[in-house]
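As written in TrEMBL, here are the features:
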- ASP172: active site (ACT_SITE)
- ASP540: active site (ACT_SITE)
- LYS142, GLU143, ASP172: UDP-alpha-D-glucose binding site (BINDING)
- LYS343, ASP367: Mn(2+) binding site (BINDING)
- 47-67: transmembrane segment (TRANSMEM)
- 87-105: transmembrane segment (TRANSMEM)
- 610-635: transmembrane segment (TRANSMEM)
- 655-675: transmembrane segment (TRANSMEM)
- 752-774: transmembrane segment (TRANSMEM)
- 786-808: transmembrane segment (TRANSMEM)
- 814-835: transmembrane segment (TRANSMEM)
Amino acid sequence: MSMTYVTKKNFCAASYDKESPEDEKISASAERRFVRTTKLSTVTIKLYRLMIVVRMCIFVLFFKWRISTALVMMSSNDTDYTSTVRAIWTVSIAGELWFALMWVLDQLPKMQPVRRAVDVAALDESLLPPMDVFVTTADTEKEPPLVTANTILSILAADYPADKLACYVSDDGGTQIMRQAVEEASRFAGLWVPYCRKHGVEPRNPEAYFSAGVHGGVKVRAVTRGEYKGMAWPELASDRRRVRWEYEELRLRIDALQAGDMRRRQRWSTASCRRRGTAEDHAGVVEVLVRRPPTSSSSMTQVDVSAVDGINDLLDLSSVDVRVPAVVYMCREKRRGVAHHRKAGAMNALLRASAVLSNAPFILNLDCDHYVNNSQALRAGVCLMLDHGGGDVAFVQFPQRFDGVDPGDRYANHNRVFFDCTELGLDGLQGPIYVGTGCMFRRSALYGVDPPRWRLHGDAGKEVATEAGTFGTSTPFLRSVRTVLNRSSEEQDATYSPPCPLDGGAAATGWATVLVSCGYEDSTAWGRDIGWVYGTVTEDVATGFCLHRRGWRSAYCATAPDAFHGTAPINLTDRLHQVLRWAAGSLEIFFSRNNALLGSRHRLHPLQRVAYLNTTLYPFTSVFLMVYCLLPAAIPPLMAGNAAAAGAALSMGAPLASATYIAFLAALMATLAVVAVMETRWSGITLGEWWRNEQFWMVSATSAYLAAVAQVALKVAAGKEISFKLTAKRTAAATSGAGVRERFAELYALRWTALMLPPAVVLAVNVTSMAAAVEGGQWRNGQAAALAVAFNAWVVAHLYPFALGLMGRWSKTLSPLLLLVALFTIRLLCSVLRLHTF
């Protein structure tokens, strides 16, 4: 089975409109246009901007009235409850001001969206630059080796010249099983890569390609003759059977390795010997498993691990390029007591090791579970880098798409509002935010230099490259840095040679092993001004911010079909822990030197600064949200016998029940609805996706965001480091071949965590308050009481996905929404009958 092949011109991407002065002097060979600007609907965008301005004006009028009313109430001479009134009014207005501020910070950067179409066919083969692909993994239990093996195979089979592509795999756990799994994948690539080229199959992840039925929400079916893009249609069925048989053997071998590793976990120490170790204490290794193939496609690549035996006996590959891109296994050194900086440290080690082996000018960063779903995705990213004016583009961010998410996307795993709306909107400024995977980098940008438009004429960065105190003391590495920084924009092609050929020689691997030692970064600028940034669990956002701060731009590239697919945690517990990590990392950035408010000399677009400020401030919303979700429902019953509290509640209820307040509330809700509709129109998302995003925002804000604020407060006050919990990845088989009930079994599994306690309390309090109001008929006691019940219902509607999660498997047959509707319908009928009786 294979998915329908999509033509090369079905790509969409985004870039930055402005061009640097240096771009005007680029040679004719670099002036080719690979990107065509496609502006969004002018009417829709203008109406969208107009509604944002209108809502901001309503905010100004509302707070003017709100604050003047509060001052009148707080100036009361009644000393019995003046302090209580002031406290309630202060908290209320502070919360409303914060919510308004966060809404403005979220909407302003999205007012200049840009979309461009990429013409991959216009990119000549000779213009394709060398590329290094970094794949990171850290835990074989949460990140199964089979998942990583499939990701590697999809990279090696991508539609890119084999002699210009190299795949680097970082095993941060230092396990023998991962090294063997990479070796097995490299061996199978000798058969899989030529097969993909011969028949033009899509996707080029074996697990996804051979899966029957539905994979990742997409129906997988056989290719028809009219859709076939290969060269041997009569042989497709027989070749597919042979390759699938070999893949099943590969999967069984990797599964057997993992089963044995559950009891005995050995660590790989050097290229020639093994010793016992731990994930936090093991030696460094750099090993070339597959050497760089020859430039000519007439001969097969020399593979260090033996190629598939009898490859020509299995398939007829006489007219197929059988070369396989280079594969390098890396395990950086770790020692107890030495900070290893999590994923950022592994990425920097990969950056240094690859510099002395292949030194490609462009780098693609993928997580171990994000495979290449579109074989031409790498070419699409290169188009944005090489297009006229692309010399200032530091990275190209692809949207994240996921397999195995439930059809309703209960916990907003796809995050369409962020990727298809926020990231697309930022493309009209300096570009989208880096989100950790599916991102193509310019190597020179990671070395801390300024973009071409900010450099002095003729400055190629030579003085930076010679500073050993910045990059470290490795002479081969410094030479590779000079090679990159001294190469101008028009030379970003395949006409240069790396400082050392990727041939697996002792000298090359020896230099690379030194570069991944745990003490190499001591007294250098790594993690601060060079490479990926340290000091936060969200190194992606911090790294992208540092690049934008120097004046670099980024671009957004959405392809059809999707460039990359990954796996997402559909279990509520795993999803909340994932959001907790993101929120805590954002707050860490806010309290670091990378705060968007600091540095008046930043080369940031003003709205780009606003976007980063919003990205690092949003978890604080949880504090005010908890107050709003709990106090209106909890204070009246608790303070029923307290005259001061009762008076305060009455003083608050009077303005809330006024016609002015209701008018303001209606205007704000109406403009919010119009903005949401306009947002969905120009971004392409649906209203259902927008609403699911709003629902899970409420779930996150009352759980993970609140915990993130507490964690960062402890770190700032007591120096307690934030714990890092790796998100578990599921195997592709678990998300594709099984039936619907088996594939989404995790969705209905309830695993209690402390993060569930706050939203459970909020849900219980609001349901109880709503039920009490209906039971006692309080909802008929004026407009204030009716608004209170409506607010309770609004909170419960937002927490509906959380209620489904708490019900576990019962949610498949018994919906909490139906229970609530039935309960309130019965109570309302009883109330109406009681009124008629009296």
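The backbone N, Cα and C atoms fix where each Cβ goes, and this holds for glycine too.
Separation of the C-alpha atoms of ASP540 (active site) and LYS343 (Mn(2+) binding site): 10 Å, rounded to the nearest whole number. LYS142 (UDP-alpha-D-glucose binding site) has a Cβ environment of 15 other Cβ atoms inside 10 Å. Spatially close to ASP367 (Mn(2+) binding site) yet at least six residues away along the chain are VAL135, THR136, GLY436, THR437, GLY566, judged by Cβ distances under 8 angstroms. If you compare every pair of Cα atoms in LYS142, GLU143, ASP172, the residues listed for UDP-alpha-D-glucose, the longest distance is 13 angstrom. Distance between Cα atoms for ASP172 (active site) and LYS343 (Mn(2+) binding site): 8 Å, as a whole number. Sequence-distant contacts of the transmembrane segment (87-105) (same chain, six or more residues past either end, CB-CB distance under 8 Å): 55-56, 59, 63, 66-67, 70, 73-74, 610-611, 613-614, 617-618, 620-621, 624-625, 627-628, 631, 648, 652. Rounded to a whole value, the Cα-Cα separation of LYS343 (Mn(2+) binding site) and GLU143 (UDP-alpha-D-glucose binding site) is 14 Å.
Using a 10 Å Cβ-Cβ cutoff, ASP172 (active site) registers 24 neighbours. ASP540 (active site) counts 24 other C-beta atoms within 10 Å of its own C-beta, drawing on all protein chains shown. With a 10 A radius on its CB, LYS343 (Mn(2+) binding site) counts 23 other CB atoms from all the protein chains.
Using a 10 Å radius centred on the Cβ of GLU143 (UDP-alpha-D-glucose binding site) and all shown protein chains, the other Cβ atoms total 24.
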